[in-house]
Amino acid sequence: MSKIVKVIGREIIDSRGNPTVEAEVHLEGGFVGLAAAPSGASTGSREALELRDGDKSRFMGKGVLKAVDAVNGPIAQAVIGQDAKDQANIDKIMIDLDGTENKSQFGANAILAVSLANAKAAAAAKGMPLYEHIAELNGTPGKFSMPLPMMNIINGGEHADNNVDIQEFMIQPIGAKTLKEAVRIGSEVFHNLAKVLKAKGMSTAVGDEGGYAPNLESNAAALAAIKEAVEQAGYVLGKDVTLAMDCAASEFYNPETGNYELKGEGKTFTSQEFTHYLEDLTRKYPIVSIEDGLNESDWEGFAYQTKVLGEKIQLVGDDLFVTNTKILKEGIEKGIANSILIKFNQIGSLTETLAAIKMAKDAGYTAVISHRSGETEDATIADLAVGTAAGQIKTGSMSRSDRVAKYNQLIRIEEALGNRAPFYGLKEVKGQA
């Protein structure tokens, strides 16, 4: 009943109005899985390749018909007749057939869409929710938890058309006892932040991930505005709500000088100086997690940053590790960071994603499940976070249905699982247990 009988690929539109790949996997017995690949804006140089057509006459070169053709052609031919329940085998067939290190033949967007659609079809054939099937694939059947959200309520960097250099300023509703309560707290802070910004005469237009994107005089000003919003909402910063940042520092690193240039503030830092700039912010505000605090190739700088901050807060590698076990293994051996951001499309298959989560956890690193800035209504990351008991999720702010779809799926899952999926809150964050 779980044999693949048909695979369909199509070009659909993501949350930025760009094309992406959607795949359907059909099984015997009429079971169907549907999934879409997300797309990033600030991308690590060692990510698996997102295949675009380059035909300027369609979607300004961003079409994905080549990737769709790969799904409908060689990928479909290779997986039809295979057992969808054997996820590792399905992924291996596609990866081997592609034959490249970075999935550049078919595109990680093609392989991932089929990989996730296959998992959904297999879950349907087994008569279980996707998160339960993922837990079984993960070797942790029946072990679930609800993730602490990192809610990106001020967007900067590559995610917004403003002067703020740091890409994401996030809140974590640690005072919540449940995921649903965390969503409520996040929503209340989000709406109060709009009032704070309006009172200052600032824009409340939103960026790619649903957070506000005002022009601010400094990164500290963003943190101060959030502090004011938290207090206006009736919460205590540091007790009910903590802060997190994604610097995406590769985006403001100057490779010619080796310096970090905060153009919004008119400041330039060496690698060590920027670490101390961040350290100063953590002294002034309850920041418990910093992602990509340096350029992805500045491993010497990351070793120093981990030495300075790694005992106090969570240091997450995104562009640094790109959900790649080879790179993560090297980072673990060198004591670089203490957490990994998990993005399906950085590596391009569910099996490899699960391997990265396992490697991180086995090494005492945390794993933060994440969306991309270009998303669809696909909410698979919600099931991934619960099914691997990862403990933390980044899926944007409290606006835009491409972000809210994930929160709503988490609410449904929590309702279904009840006390089988505890919400541990701040205990999940490295250095905060």
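Yeah, the Cβs are placed from backbone N, Cα and C, and that goes for glycine too.
Taken residue by residue with DSSP, Glu209 (active site, proton donor) is part of neither helix nor strand, so it is coil. Per Swiss-Prot, active site, proton donor is recorded for Glu209.
Secondary structure from DSSP puts Lys343 (active site, proton acceptor) in coil. Less than 8 angstroms from the CB of Lys343 (active site, proton acceptor) sit Pro38, Gly40, Asp318, Val322, Thr323, Ser370, His371, Arg372, each of them six or more residues away in the same chain. Residues or ranges marked as active site, proton acceptor in Swiss-Prot (evidence: sequence analysis): Lys343.
Swiss-Prot lists Gln167, Lys343, Arg372, Ser373, Lys394 with the feature (2R)-2-phosphoglycerate binding site.
DSSP assigns Asp318 (Mg(2+) binding site) to coil in the three-state reduction, placing it in neither a helix nor a strand. The feature Mg(2+) binding site is assigned by Swiss-Prot to Asp246, Glu291, Asp318.
Taking only the Cα positions, the spacing between Glu209 (active site, proton donor) and Gln167 ((2R)-2-phosphoglycerate binding site) is 10 angstrom.
Annotation for Glu291 (Mg(2+) binding site): same-chain Cβ neighbours under 8 Å, separated by at least 6 residues, are Glu168, Ala244, Met245, Asp246, Cys247, Ala248, Leu315, Val316, Gly317, Asp318, Leu341, Val368.
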